[in-house]
């Protein structure tokens, strides 16, 4: 039961994988639909340009160059256009001066004396009413009423004096005069503050109406509340019938009830200062186009740092839209025109729509990673101040893109890709020419290192090559910048070495993902498919052994021929192994699997026989899709027979047809398409040559050479090679390679001499003993007339082979 459950799980996973694979294939086929292919490519270009614009767009916090006072300028900096820059420091200085020129506002209460007399009169009214009622229980309410009037509760002596005041009109007049004399001075609560503010200027405003009363410039400083109370005690009050104790109590009550008539108006002061500040217009600096801001090697001054900051602020603050439009225009131009040039002038540059989609995704993904890297490198400047922000750029894996494109596609596409992306990287890294050169040369080195990548170790070897190139460039740039043998040079060299190894690690992890999602077949994948113990080939060997051995021989032929014409020998050999897997379903209908048995085509009509032969191509494609063999293998399965004529059954159909019956040649041709690549053409040629070579009764080198030449000429004349890139020179090299391989397979073995053994005395059982006999006598060719040597029959009997 567990094994059955495991098999069911594998079946489910296999069906899901197949369904997902078909879904992805359908999406790619829709994207590559010839009816909408150009439209889809334009949409892909625009979408990619928009995304890259958002990624490349410079942000102030990501700027790699920040000029501070005291820094050494690494390059000449000029104004790229006329600027009218706000001098923020000068503007701020003027605004502070205007703000400091505003006097402090103080509120002056001109009705303070009258208000004090009024409060005394209100107190007298309360006391008279209380005296009229003469209720002891009302004392609490009287105290509360007096507290509300004066802000404190008068003492019993002061209340008694107030009662006397109420019965003496002369004393009431004295209190009024006393209040007038008290407030003839300016009384202030915080005398120390006033003394400090008076040096800056004092502006008086009416506390009630808010009207300005002018500025205050007094030689005599205003009195504090305590000083005013002390001065009040020196004033004499003369009233008939009033004791000195009562007059002192009255003066004390007046002093306690007196409030400052001069107070600091903070709200008005702040408001006046803000108005003065806002009234100052900004100051501007005129910067002309081409004006030198700072020269290379100079120490940046405060003024220069301020001017540079204003230049960058003006650029980032007012030209975001124009910057974005400019970046997007550059992206479109850099992608479109090199692409058009390469399509017209580079023979092997012919990416499909799926290839362009892969290129777009790789580009967007890498640029996004680089943007994050810029953010991280800027953040690392604080915890690691000894490492320059620029040094981290040597660690960036710029070569990853060209390496992936080279492994998946070819060198031509990888070169064009590197030439396009390097300038874009320079723009993203603050228009750095160093980044352009570093990314371009590193990408070329990486793409060259992974050519014919047949195993994972080749990727790491390529990473080491990238590290060497990076190291050379890093060292050269540091020497150019007069940083020879400094700690900065060591950091740069170390990061450059690590950058190449990082490229290898990323590519190793990404390639399997690309192979799975996009169904690409790389050389690494081809090596896995070349295993003759793969499920498809094992099934082919069991069910169609003749086809299996035929495919293996075709693989040997195409591999040698591909090496001779500098094609892809691995792809050619693997495609040859799988080109006839469609024969698995009906193996007995193909002559190589019949042996000496019955030929089932004898009972079928020629049309039916041709239909069975043609169907093995379609069934092979379906089987290849089921086992995820990849697009290149599937294409070669389709193209390996081209539109060739099944001449045997076509001739048979013509022989059995009556005069009224017309035999259509198209019914006896494979559906095609014709071979589109050199590898597909090689498989077609080798398939026909290997099958025909089996019909040679005496395969001598001369006959093999004639057969190969005839087969290749017939295929060429039939136009089967018109759509692939095989040249006449290639056909000559292919024929030469086929001749060598077939001659090695069908060569005659030399006639060995008669075995040299001595016949010893026979044993009692009648047996002979042999000495020095290692080899069996070779068979005599049919075209040779030689007398059998003595002892030959004994040799056959000895090996167990009956005559």
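Placement of Cβ uses the backbone N, Cα and C atoms for every residue, glycine included.
Annotated features in TrEMBL:
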{"type": "COMPBIAS", "residues": "756-771", "note": "compositional bias 'Basic and acidic residues'"}
{"type": "COMPBIAS", "residues": "781-803", "note": "compositional bias 'Basic and acidic residues'"}
{"type": "DOMAIN", "residues": "547-692", "note": "domain 'HD'"}
{"type": "REGION", "residues": "756-803", "note": "region 'Disordered'"}
{"type": "TRANSMEM", "residues": "40-57", "note": "transmembrane segment"}
{"type": "TRANSMEM", "residues": "317-337", "note": "transmembrane segment"}
{"type": "TRANSMEM", "residues": "357-380", "note": "transmembrane segment"}
{"type": "TRANSMEM", "residues": "392-409", "note": "transmembrane segment"}
{"type": "TRANSMEM", "residues": "415-441", "note": "transmembrane segment"}
{"type": "TRANSMEM", "residues": "462-481", "note": "transmembrane segment"}
{"type": "TRANSMEM", "residues": "493-514", "note": "transmembrane segment"}
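Outside the transmembrane segment (357-380), and at least 6 residues removed from its termini, the chain residues within Cβ reach (under 8 Å) are 28, 31, 44, 47-48, 51-52, 55-56, 61-62, 64, 351, 387, 389, 392-393, 395-397, 400-401, 404-405, 408, 413, 417, 421, 424-425, 428-429, 514, 518, 520.
Outside the transmembrane segment (392-409) by six or more residues, the chain places 351, 355, 358-359, 362-363, 366, 370, 373, 376-377, 380, 415, 417-418, 421-422, 425, 429, 432, 434-435, 438-439, 442-451, 453, 459, 462, 466, 470, 474, 492-493, 495-496, 498-500, 502-503, 506-507, 510-511, 514, 518, 520, 522-524 with a CB less than 8 A from a CB of the stretch. Taking Cβ pairs closer than 8 Å, the transmembrane segment (317-337) reaches residues 45-46, 48-50, 52-53, 56-58, 420, 423-424, 427 in its own chain, all 6 or more past its ends. Across the domain 'HD' (547-692), the DSSP tally of helix, strand and coil residues reads 102 helix, 2 strand, 42 coil. Taken together, the residues in the domain 'HD' (547-692) have a mean pLDDT of 89 on the 0 to 100 scale.
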